[in-house]
Amino acid sequence: MDIRAAEISAILKEQIKNFGKEAEVSEVGQVLSVGDGIARVYGLDNVQAGEMVEFPGGIRGMALNLESDNVGVVIFGADRDIKEGDVVKRTGAIVDVPVGPELLGRVVDALGNPIDGKGPIKAKERRRVDVKAPGIIPRKSVHEPMSTGLKAIDALIPVGRGQRELVIGDRQTGKTAIILDTFLNQKPIHDNGPDKDKLYCVYVAVGQKRSTVAQFVKVLEERGALEYSIVVAATASDPAPMQYLAPFAGCAMGEYFRDNGQHALIGYDDLSKQAVAYRQMSLLLRRPPGREAYPGDVFYLHSRLLERAAKLNDENGAGSLTALPVIETQGNDVSAFIPTNVISITDGQIFLETNLFYQGIRPAVNVGLSVSRVGSSAQIKAMKQVAGSIKGELAQYREMAAFAQFGSDLDAATQRLLNRGARLTELLKQPQFSPLKTEEQVAVIYAGVNGYLDKLAVNQVGKFEEGLLASLRTEHKDVLEGICNEKALTDDLKAKLKAAIDAFAKSFA
């Protein structure tokens with residue numbers, strides 16, 4: 001067998017030419033111990049705080065505790081398949097999620113992976129989950145209304161675009177229902193409104209039952225609201241790190257719209273469960289516990305999340321991100337640690353009460369304890385004109401109602417006040433899934449504060465309202481359109497509205 005030198009050298013040259021010049025360098029560590037969703041890893045000397053690391057089998061984790069001799073890693077997934085001595089790789093990337101309009105209409109987990117079975121998400125952009133909130137200079141004070149469609153809120157506790165309004169109450173008081181109705185109320189704007197007014201919705205479910213989240217998504221889908229919404233779900237069966245991360249992931253998705261000159265609304269449901277998940281992680285990482293065994297930085301956990309909701313000024317695109325965080329209280333105790341923290345961070349709270357809920361006053365908003373620190377700058381002029389007096393009348397009614405229990409012989413003025421108050425309270429009730437446009441709310445409240453309900457029996461108020469709205473929508477469209485376009489009750493509009501209500505009141509009697 002003759003060996004041709006030229007041939008061998010040609011083959012060798014060819015092989016050398018194709019030889020991979022780049023060796024893959026990856027910094028690795030070893031698992032020292034693992035359990036309860038936490039791994040202690042030796043090595044990984046240059047790992048960054050919050051960096052993603054990879055375990056065998058594609059399981060991911062996040063480096064949270066950087067200690068002198070090891071790294072504490074929280075695991076996003078089951079820790080059953082991870083054992084002592086396993087090799088852990090750095091990925092070099094801080095935790096990020098896909099963002100953009102491609103996510104609208106989808107249900108994703110805390111890392112942005114789709115969990116709705118509708119195929120992969122082809123997002124063009126990714127963002128870090130934990131970024132710094134906008135500073136003072138890029139912001140602008142809140143001045144545009146974010147309409148919820150609920151009379152009790154839009155009239156008395158108005159929420160503006162870029163505001164953070166806490167929804168707080170015991171379990172089963174209708175907190176999620178307020179967020180759901182607010183999402184549904186954006187449908188008319190998405191169908192017919194200008195692009196600049198459209199409000200994209202993000203719902204973050206933390207530690208909830210899967211059936212509850214499925215029900216929420218089903219309602220959005222049936223009512224055509226899923227097409228402008230994103231649902232981020234970290235349910236009760238998900239690991240604590242996912243429940244901790246979900247609000248930050250949802251916030252990053254909402255910030256995409258805020259930073260592109262659009263408007264977004266995010267509901268965190270609920271932050272009490274996020275705090276519990278964070279407490280679990282912190283205690284397992286052996287961080288020192290503080291009040292109620294929460295770690296010392298649980299205030300910072302919520303403040304850095306909620307500070308990212310902002311209204312940006314015109315130089316920065318004039319976008320906004322409005323936050324509706326939810327907190328669940330135990331036995332109406334708003335003085336517990338997490339509720340007081342979040343109340344002090346947010347720009348007001350909507351306080352829901354169990355006994356109001358069981359009295360049939362739904363939404364069960366306690367108007368006396370609820371406030372909006374942005375106030376009437378988040379209302380259109382027409383709403384300010386009619387809602388100004390309803391606040392005062394309801395406050396007087398609550399005060400009088402407390403005294404009226406003792407005395408039987410009340411003077412006529414007090415009796416009148418109590419009658420009016422009872423009817424206004426009835427007027428502010430609203431069934432679920434039936435949000436009203438702002439101009440319709442203005443018309444209804446105008447009828448209430450101008451004495452049209454005083455002669456009616458309390459149980460007739462709802463019927464009167466339904467009939468009045470039906471009459472306005474069919475025969476007096478021009479009045480509603482006028483309020484919508486003018487955004488104020490001019491003398492001319494007031495006269496038209498008064499005539500329309502007078503005509504209806506005659507036929508109703």
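Cβ from N, Cα, C; glycine included.
Among the features that Swiss-Prot reports, ATP binding site is placed at Gly169, Asp170, Arg171, Gln172, Thr173, Gly174, Lys175, Thr176. Here Swiss-Prot flags Ser370 as site 'Required for activity', drawing on sequence analysis.
What Swiss-Prot annotates, mapped onto the structure for a quick look.
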residue : record                       : Cβ contacts under 8 Å, 6 or more apart
Gly169  : ATP binding site             : Lys175, Glu328, Thr329, Phe351, Leu352, Glu353, Thr354, Ala364
Asp170  : ATP binding site             : Glu328, Thr329, Gln330, Gly331, Asn332, Leu352, Glu353, Thr354
Arg171  : ATP binding site             : Glu328
Gln172  : ATP binding site             : Thr354, Phe357
Thr173  : ATP binding site             : Leu352, Glu353, Thr354, Phe357, Ala364
Gly174  : ATP binding site             : Leu352, Phe357, Arg362, Pro363, Ala364, Gln432
Thr176  : ATP binding site             : Thr212, Phe216, Asp269, Val326
Ser370  : site 'Required for activity' : Leu156, Ile157, Gly348, Gln349, Ile350, Phe351
| What count of other C-beta atoms do you get within 10 angstroms of the C-beta of Lys175 (ATP binding site), across all chains shown? | 25
| field | Additional residues surrounding ATP, by Cβ distance to the Gly169, Asp170, Arg171, Gln172, Thr173, Gly174, Lys175, Thr176 centre under 8 Å | value | Glu328, Leu352, Thr354, Phe357, Ala364
